[in-house]
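S.K.: After the structure tokens below, expect a handful of questions from me.
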């Protein structure tokens, strides 16, 4: 299997975003790197890959004269290119380096579809029951489909922008998420160009936030599951103690630096995830109450929480670019019955079934993860919870690895070279692990954390950046009056998506923060509607 296939097939839902980072080198850093002593050249030249050179040349077009461009392009001779490739071949395989590799064994339609399902079905699907509680059976069903359609539209938009940028700028590589955003602004109108670097850094920042936030969710999930299992043996453990116990295996897994070994762990995690989901769905079909016993539309104060959780479950936009790049026939990815559309339908169906059945089965008692609603009397409960805990533990190392791949080059460029880079990297890993555990310990409520991360980071990555990218690309060239399509429908879609994402960001963030504040105050808000009572519980 191609290394990049290994990574894509091993990534769990919501966490793919990470394949899309780009290097943070600018022209000054590159010139400084080329001027270093020969003993330091391998490490520095390794960072100046072909993708970075293309990006620097594009940026130079608007800011430098021809002489500076010539100096930049001539600074790396054929011998230095050979040296770069030699260093790359010995370098530990990483998400960043893999994202630029050419395909050796392209994937088929079915392979790509399976990889997409693996990448989009993760921890978020287990929280859909709580999302339906915050939205209501009818409202949540309709708006889950709406969010799915908007997400699919933005994924098509991002793919189109990446293709346009590559063609117009004659790039030799396929630009990834952050680079696509930057080059779109750089290629766009004059007023967009000055914000190109800012938006690339913003994409990378939100990727790190979403990844570390997901790691916090994983820690809370493992600790809550540990509490649940131990309670079945009449052993009650405080949530803070369970989080502390969880730190030992998580810290060990975070120190794994070999991506190939991490990918194998994640393959095992995917098997555990799918088995656990199907067993949970089977449990939800036992002794179902009447559908009229559940609220069709929840109180408006909890609707933003539904948005945050649902967008968290759908946030897989960063996966689409490398998946298409991997295919034997890339056109099959975006066709009418292509991988993207078919995969979106399957993922949406699973999310709808899980959320609908979870809320219908457990009602207001549904927890932040459906595994927490399993009873000891159910024969497969311990098997399911144990497999899901193993799944999350294995997944933590991969999601954590991505954050390191984004942050470590920045730290190394700013403060390096280090005399003992391995020790510094281990120190960075330990610090980030402690940050995730502090976050989990401060807010040990699964539903609140999922909703907060979805509203803050995922809304930007999935709903705000793609339409901005599209607007920049469309306004770059002279495409006539119909550049947005008939009746300017694409501009209308971009505007609606931006409005939806912006409103969701502010309302979802406010609702999540307010609920977290209420949890610390020990407050429970009960809101009455005309025909039902909806409780906004602060227990996860």
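Positions of Cβ are set from backbone N, Cα and C atoms, glycine also.
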S.K.: With the ranges 241-258, 403-420, 475-492 to choose from, which does TrEMBL describe as transmembrane segment?
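M.R.: Going through 241-258, 403-420, 475-492 one by one, TrEMBL flags 241-258 as transmembrane segment.
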S.K.: Between the candidate ranges 113-131, 170-188, 265-283, where does TrEMBL place the transmembrane segment annotation?
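M.R.: Of the candidate stretches, TrEMBL labels 265-283 as transmembrane segment.
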S.K.: Sequence-remote contacts (6 or more beyond its ends) of the transmembrane segment (265-283), Cβ cut-off under 8 Å?
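M.R.: For the transmembrane segment (265-283), the sequence-distant neighbours (Cβ-Cβ under 8 Å, at least 6 residues beyond its ends) are 9-12, 118, 121-122, 125-126, 253, 256, 350, 353-354, 357-358, 361, 370-371, 374, 378, 380, 383-384, 387-388, 390-395, 397-398.
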S.K.: Is the count of Cβ pairs under 8 Å between the transmembrane segment (335-359) and the transmembrane segment (303-323), pairs 6 or more apart in sequence, 3 or more?
M.R.: yes
S.K.: Considering only Cβ pairs within less than 8 angstroms, which of the stretches 241-258, 303-323, 379-402 has the most against the transmembrane segment (495-513)?
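M.R.: The stretch with the most contacts is 303-323.
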S.K.: Which residues of the chain, 6 or more past the ends of the transmembrane segment (135-153), have a CB below 8 A from one of its CBs?
M.R.: 291, 294-298, 302-303, 306-307, 310-311, 314, 316-317, 340-341, 344, 347-348, 351-352, 355-356, 359-360, 462-463, 493, 497, 500
S.K.: Counting only CB pairs under 8 A, let me know which of 203-221, 303-323, 379-402, 422-443 has the most with the transmembrane segment (241-258).
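M.R.: If we count Cβ pairs closer than 8 Å to the transmembrane segment (241-258), 422-443 scores highest.
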